[in-house]
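Undergrad: There's a structure below that I have some questions on.
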Amino acid sequence: MASSEENSALFPIFILTIIALPLVPYTILKLCRAASKKTKSIHCGCAVCSRSGKYRRSIFKRISNVSTCSNFTLMLLWILMGVLVYYIKHISREIQVFEPFGILGLEPGASDSEIKKAYRRLSIQYHPDKNPDPDANKYFVEYISKAYQALTDPVSRENYEKFGHPDGRQGFQMGIALPQFLLNIDGASGGILLLWIVGVCILLPLVIAVVYLSRSSKYTGNYVMHQTLSAYYYFMKPSLAPSKVMDVFIKAAEYMEIPVRRQDGEPLQKLFMLVRSELNLDLKNIKQEQAKFWKQHPALVKTELLIQAHLTRETSALSPELQRDFKRVLELAPRLLEELMKMAVIPRSTQGHGWLRPAIGVVELSQCIIQAVPFSARKAAGGSAEGIAPFLQLPHFSEAIIKKIARKKVRSFQDLWDMTLQDRAELLTQVAGLSASEVQDVEMVLEMMPSITVEVTCETEGEEGIQEGDIVTVQAWVTLKRANGLIGALPHAPYYPFHKEENYWFLLADPSLNNAWFSQKVSFMDEAAAITVASKAIEEAMEGLGASAKDTGNTIREAVERVKSGSRLVMGKFQAPAEGNYNLSSYLLCDSWIGCDKKTSVKVKVLKRTRAGTRGGHTAEGPIVEDGIEEEEEIEEEDYDDYESEYSEDEEDKQETSKKGPANGNARGKGARSSSEGSGSDEE
């Protein structure tokens, strides 16, 4: 009996162990992450952002952030562990080990006379002749009598004192951590035991493996479907205009899964009439264009209309169902745009170059989505290459206010930025008609906007000059400064309902040939990660040059100081092309702010190979597309009325590559807030 009770007590211990093994480390890891996670409260704090409620930490939002599915499951598992611990303690109290001295109420080592006295006393109390209670009779027979026999018999007492049991030395015993009814294999419980073993040992791991593999095969590491990447790669074209990037962006498989309800028809029709001017429809054949638009897949139509409603800020009339779909579309947008950017710059030519024009279009689409600015606002107007789009990202600004300040010769965003604080306040209060609090909101956003400085060098490590076939190292120091002194911060984006960190893309490209030679993502939010990356890159570069440990340490310390002061190191390699002079451009594109991009010129001179041997060839990853196919794609591109991107170049402005340049490419751009206000060497 005692053995079966002990086996039954092992089952909850077994379950407790299985739950505790993964639960305790996972809980500790989650608590450590929560403790070390920085709060994302570094935002402008203007009245418009406060009214949006995105940064308001109400009690409901705090509860909703805590009461997630994972946290709820975690709490239930800890409650279950507490119940199991209590149950195990309760069972351990009920299961009593046979202890003769304890049963008779004596101390170990008592004499025979003391044992007989205790036995007589308990017999008077529990003997069946003295006590008719059945429980007393059972206790007397099973415990008191056996304890007296174990202690009065000389051999039994000696065995108990030596080995802890009246029968002498006991062998090693093992228990099965299963309920007692499953151990009776003579009856139907034998099949239950078999099912238990098969289910826990075979079926459960198999189900977990199938679910994990099916999910991992469907999504990439950035939680984007493989089907989405295939669609983006297929529809990406080298001559894709910025306004046409939207047509590729909405073809994500995630957007195709958004439900299209029957009751959405009428609200979408009304929404279509509001945003029709932003859909690039041919006004000459408007009826045919509308019919063609509605013949698309319903999910594509719905996604594009919801995005256009966001860009035109016409989302207040959306139904609750469309509001949920609208938020889902915007929530997926940042990571989908990041993958679309990667598809634009992925090497596709024999030289390992990506495409510049669609990459710029992807970043401009990201800027418009984060700031809720339509593409039509980016058309060049009034002497500004960026149009009125940069103004519309400021709080309390509208087209009417922009027209008012334009009469005072403030036609570009840079003109407004270059004004003194007093002059700008007078302009906004007296001309634009803003109140003092609204002017303060504008100043807070202007202080949050970044100013970028880029220093680029291209050289062959350990060699003088760049020769064709060399592996060229690109090193760029990107420095960010704000008027309020912050480095990493969240952008002013009151119309985007989710937290969005600033990200930048560094591109080294040849604008005349639409080739992107090198690309890398840059972030200013995580200083520790930036220090690690910069230290490792510099250490590898110094080792390649054969520098001493002291020089390497000094260089790393200087780099760490630069990172702490607001700089980030961008470093990469590409293979030098054929002999010639190349007028390249470096782009630093922000995915959140409009008008804060930076473009500088980089002149690279490639000499004819004279060194013995060949440098290691740099094989670019990615598929290779023949030049003939690219030409066909450009010919087949449809005509459209597109706005001029701020980076577009006319044929007459393309410079000849026959001019001589330095052996190693160097460029330094400072303080410009946009490409149109760049350095003198970059003006077109």
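Each Cβ is built from the backbone N, Cα and C atoms, and glycine gets one as well.
Heads up, TrEMBL stuff is auto-annotated, nobody curated it.
As listed in TrEMBL for this protein:
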- 12-32: transmembrane segment (TRANSMEM)
- 66-88: transmembrane segment (TRANSMEM)
- 99-164: domain 'J' (DOMAIN)
- 192-213: transmembrane segment (TRANSMEM)
- 613-684: region 'Disordered' (REGION)
- 627-654: compositional bias 'Acidic residues' (COMPBIAS)
- 674-684: compositional bias 'Low complexity' (COMPBIAS)
Undergrad: Counting by DSSP, what is the helix, strand and coil composition of the domain 'J' (99-164)?
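TA: Reading the DSSP string over the domain 'J' (99-164) gives 49 helix, 0 strand, 17 coil.
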Undergrad: Quick test of the contact rule: Cβ under 8 Å, at least six residues beyond the ends. What residues does that give for the transmembrane segment (12-32)?
TA: 74, 77-78, 80-81, 84-85, 87-88, 91, 177
Undergrad: Taking the domain 'J' (99-164) alone, what is its mean pLDDT?
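TA: Taking every residue in the domain 'J' (99-164) and averaging pLDDT yields 77.
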